[in-house]
């Protein structure tokens, strides 16, 4: 049986070999490109139908279909502080703006958190004459802390 890490490595290789975009795979799977990418990189659990659709497109073995349906151990970074420059920018963003996010969310909603489970995200390219920009929209359900 292939490990989940081996399945992820095979998915990345096959996607490159077949010159497929994450969006094209997501269309075949029937989910957003953001969710599908997270699932194929080992961070979400696919249904059997979704896993089979991905497997058909990427020519994945039966072991991969099985592994794509297993609840993953979430958290894909090998270190606490990321070393990849792009991922580090998100760490830096939270380091700089985290207290601002917290203050503004608490002011607007009260004491609680934004869910990363009941969550959606959209990533798009935004044209700009000074250089294209990355636009990321995140939407998470607000979960208030309860008194008991």
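In case you wondered, yes, glycine gets a Cβ from its N, Cα and C as well.
Over in TrEMBL, the protein carries these features:
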ACT_SITE  89  active site
ACT_SITE  92  active site
ACT_SITE  115  active site
DOMAIN    76-148  domain 'Cyanate lyase C-terminal'
> Near residue 92 (active site), which residues of its chain come within a Cβ-Cβ distance under 8 Å, counting only those 6 or more away in sequence?
Replying inline: none
> In whole Å, how far is residue 115 (active site) from residue 89 (active site) when you measure between their Cα atoms?
Replying inline: 21
> Residues with Cβ closer than 8 Å to the Cβ of residue 115 (active site), same chain and 6+ apart in sequence?
Replying inline: 140, 141, 142, 143
